[in-house]
């Protein structure tokens with residue numbers, strides 16, 4: 001068996017641990033499908049939790065479930081013993097333990113070198129445990145003054161141990177997400193809310209959407225396997241890279257980031273297929289005639305939305321969608337003081353939390369801190385766009401193109417730090433193109449203080465950014 005694994009791993013160019021993970025990860029699709037056949041709510045919770053634990057064991061070994069048990073136990077204990085403060089306690093305990101695992105296992109170096117460990121799954125699990133505790137704490141608050149997300153997700157009653165167990169490890173969904181809410185998980189299992197059977201609308205069929213996600217996954221993997229030999233990350237450490245001119249180095253940075261993204265597109269497409277086929281990914285019916293089932297809860301990326309983004313502000317909405325939503329609900333919105341508008345500090349704090357969640361590597365921290373600058377610069381361009389009269393269509397389109405080119409430049413420049421991770425390599429790659437992706441956002445931010453647009457002439461409904 002080990003020999004067969006070795007030959008298979010060699011054939012596709014990955015290590016045996018990565019191959020084992022990929023096999024277990026793909027297995028989440030049939031495992032999630034079988035959930036539909038399990039009778040009874042209690043049995044479904046047990047199946048969800050036990051199947052997730054089994055897949056974790058097969059993928060990462062027995063120690064992985066021990067690692068998962070610690071934040072799970074800490075979160076549940078805080079809900080039982082200290083409901084008022086269980087959210088904040090679980091937040092710091094969960095993140096503290098996650099950071100400790102990142103440091104101990106040096107997970108970023110392992111991923112960079114093609115290895116794998118349980119910290120990636122622990123990252124997803126940590127967010128789920130924290131959101132559950134925060135929502136249970138929110139159950140003590142009055143609805144007046146709460147954000148819409150708080151009203152929707154707050155938990156009045158503490159979930160049982162079995163419900164909590166099933167939610168945390170559900171059919172291996174903790175491997176790569178998407179992150180979802182405890183209330184949605186409970187409604188899905190009990191067939192309540194949008195999952196309730198009704199005579200008006202039949203139960204949504206997941207098979208077309210699942211097939212679409214699987215085809216997308218196959219295409220993404222094909223593109224990644226084609227591109228990665230041509231644009232290896234190791235090129236940034238080779239003398240030939242520094243012999244190239246500015247434009248060729250900038251182009252290589254773009255292609256390196258472009259290549260790396262297809263790996264994530266593949267992973268998220270598989271997780272999307274898994275969550276769709278279970279039914280949990282269902283998010284309601286469209287307004288079309290006839291109505292069509294929508295699966296937004298399973299969606300973690302909009303590929304065209306990322307690659308053709310006309311504003312950096314759009315990126316959190318189309319990349320790692322469910323984690324971005326989590327950061328907005330549980331960090332960004334909760335830092336906004338009542339009666340005040342959010343500013344750069346809330347954005348910076350949110351991006352810093354995201355960096356810590358990924359690991360304490362300089363490349364992560366630099367990337368996410370810089371992403372706050374990127375979004376702030378893009379907002380300046382967007383405000384200029386909003387101030388342009390509809391009659392001046394050419395100038396408006398010019399600003400749209402500038403925002404698109406700006407996003408393309410700074411995203412692919414910045415993401416090199418996310419890939420190389422070390423401070424020295426990140427600084428060297430940025431310096432090789434004269435820090436253009438750092439200087440340009442700062443220039444736009446400063447220009448925003450000088451060139452202040454007049455009142456927008458467009459309706460308020462259009463000011464989504």
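Backbone N, Cα and C atoms are what each Cβ position is placed from, and that goes for glycine too.
What TrEMBL records for this protein:
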| type | residues | note |
| --- | --- | --- |
| TRANSMEM | 12-35 | transmembrane segment |
| TRANSMEM | 55-74 | transmembrane segment |
| TRANSMEM | 86-106 | transmembrane segment |
| TRANSMEM | 118-141 | transmembrane segment |
| TRANSMEM | 161-180 | transmembrane segment |
| TRANSMEM | 207-227 | transmembrane segment |
| TRANSMEM | 264-285 | transmembrane segment |
| TRANSMEM | 361-382 | transmembrane segment |
| TRANSMEM | 394-421 | transmembrane segment |
| TRANSMEM | 433-451 | transmembrane segment |
Counting Cβ pairs under 8 Å to the transmembrane segment (55-74), which of 86-106, 118-141, 161-180, 394-421, 433-451 comes out on top? 118-141
Stretch winning on C-beta pairs under 8 A with the transmembrane segment (433-451) (pool: 86-106, 118-141, 264-285, 361-382, 394-421) is 361-382
Dominant neighbour of the transmembrane segment (207-227) in 118-141, 161-180, 264-285, 361-382, by Cβ pairs under 8 Å: 264-285
Of the stretches 118-141, 161-180, 264-285, 361-382, 394-421, which racks up the most C-beta pairs under 8 Å with the transmembrane segment (12-35)? 264-285
